[in-house]
Amino acid sequence: HLLKFNKMIKFETRKNAIPFYAFYGCYCGWGGRXXXXXXXXXCCFVHDCCYGKXXXXXXXWDLYRYSLKSGYLTCGKGTWCEEQICECDRVAAECLRRSLSTYKYGYMFYPDSRCRGPSETC
C-alpha cells in the first residue's frame, strides 16, 4: 500500500513522497518522535496515529482500492482493515495538500538527532 499512498500524495500535492515527505521532519517516514515540527509533519503524526488504531487488525500492509471521483480521492470497498488503512492514507494526503503553503525544504531529510522534546501523544 505504500505505493498507493505515494500515488495519493502525488495526486494531492503534485510532489512525490520520496524525496519530499519520506524523511520530512520528525514524523514523516518510518516511526516518529518528539514534537511535530511543521504542519506537514503534523499530518504525518496523525497518519501514524491512524495506523496505530488500525494495527490491531495487522492491516498496515493490506492492499486497498481507491479511485478519483470528481477530483477527490475515494476509498473503495474491501475488508474493514483495507478500508481503514485507505482512509488513513486519504486523510493524510489531503492534509499534506492543505499544508503545502507551509512546506519547508529545510525539513527534508531531517536528522532524527534534531527531533527533541516530549513526543506527541495520539
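Here the Cβ of each residue, glycine as well, is placed from N, Cα and C on the backbone.
Of the listed cysteines C115, C122, Swiss-Prot assigns the disulfide bond with C49 to C122. According to Swiss-Prot, C86 forms a disulfide bond with C75, chosen from C75, C81, C95. In Swiss-Prot, the cysteine linked to C44 by a disulfide bond, out of C28, C50, is C28. A Cβ within 8 Å of the Cβ centre of Y27, G29, G31, D48, the residues given for Ca(2+), is found for these other residues of the same chain: C26, C28, W30, G32, C44, F45. Spatially, by CA atoms, the recorded positions D48, C50, C88 include one closest to C115 (disulfide bond), and that is D48. The Cα of C122 (disulfide bond) lies closest to that of D48, out of the recorded positions Y27, G29, G31, D48, D89.
Distance from the CA of C44 (disulfide bond) to the CA of C50 (disulfide bond) is 10 Å.
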